[in-house]
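K.L.:
Below is a structure I'd like to ask you about.
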Amino acid sequence: MNYRHAYHAGNFADVVKHITLARVLTYFMRKDTPFFVMDTHAGIGRYDLKSVEAQKTKEAETGIERFMDALPDAPKEVRELCEPFTKLLNEMNEGKLQYYPGSPMVAQSLIRRSDRLSLVELHPEDFAALTENFNWAKNTKTHHLDAWQAMKAQLPPNEKRGVVLVDPPFEDRDEFNAILRALYEAQKRFSKGTYMLWYPIKDLRMVASFSKVLSGMKLGQTLDVRLMIDRPGPQDKFIGTGMVIVNPPYVLEKELKVLLPWLVKLFEIVPGSGSHSIYELVGEQK
Ligand SMILES: C[S@@+](CC[C@H](N)C(=O)[O-])C[C@H]1O[C@@H](n2cnc3c(N)ncnc32)[C@H](O)[C@@H]1O
């Protein structure tokens, strides 16, 4: 396990992923009944953008830093939709941006006392840091487990409603298949759950075959959401961020149609190089 998220925290893909997660959880809070959130690849939950790791890549400069600089001039509806995410950022930082929330902190900031958050992380050092960051939170538990084993053990949740974020490091090419296998097993036991499956857009053929398998699976409504910052080029260039969302809140597509065009303009490499798309891989059951 070589991957450490500290090198990438706050990059454009994190910003898109975390805003989307915040929108999904905001929707879940509309109902009083408690829900469960599982973050299968949690990382450490909170990142210092001044750390040696973050400074080495400076990925946050073209991600969260650019986002926070541009937000005051964004259209009102974009600002409103980003508010659950930006509120957290403002709480973590006094004026000047230094700390960035990982998905565990985004989730923790949006759940209520009666909801439950499960954070799974396999890297021993990152697991220790994660546990230290969340040991104060009664509704949050950290687990030093393999994500795929944890999904088997923890789903379905007693709450019967919940969100599962699957965000692997994609260190090896089999990770697309690992996600498909885990989703196939999980949704047999928890078919009503909302699954958010993050993937990098580098090799378009891999991405196309991933989508094709998903569209043939017996899933509830499923969206495939992509934000590209550049046009396709050499195969291994990181040109976009993707997320498959199974059983999305019914408002999500409408919200993303407001957010994504603004985010594309913000993150594209050169004017006009970016794009976005929202495909319905599996249709809504009427
Ligand atoms: C992309 S990072 C997660 C970022 C985090 N979800 C966020 O948005 O802030 C992937 C994490 O998965 C962890 N990891 C890798 N393989 C794993 C496995 N099999 N089970 C659980 N965690 C794993 C890595 O150590 C790394 O911290």
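From the backbone N, Cα and C atoms, a Cβ is placed for every residue, glycine too.
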K.L.:
In TrEMBL, the residues His18, His41, Ser103, Asp146, Ala147, Asp167 are said to bind S-adenosyl-L-methionine. Which of Glu61, Glu83, Glu121 is said to bind at that same site?
P.N.:
Glu121
K.L.:
Going along the chain, which residues six or more apart from His18 (S-adenosyl-L-methionine binding site) have their CB under 8 A from its CB?
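P.N.:
In sequence order, Phe85, Pro101, Ser103, Val106 meet the Cβ cut-off.
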K.L.:
Can you tell me the three-state DSSP label for Ser103 (S-adenosyl-L-methionine binding site)?
P.N.:
helix
K.L.:
Within 10 Å of Asp167 (active site, proton acceptor) (Cα to Cα), which of the binding-site residues His41, Glu121, Asp146 do you find?
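P.N.:
Checking each Cα against Asp167 (active site, proton acceptor), the hits are His41.
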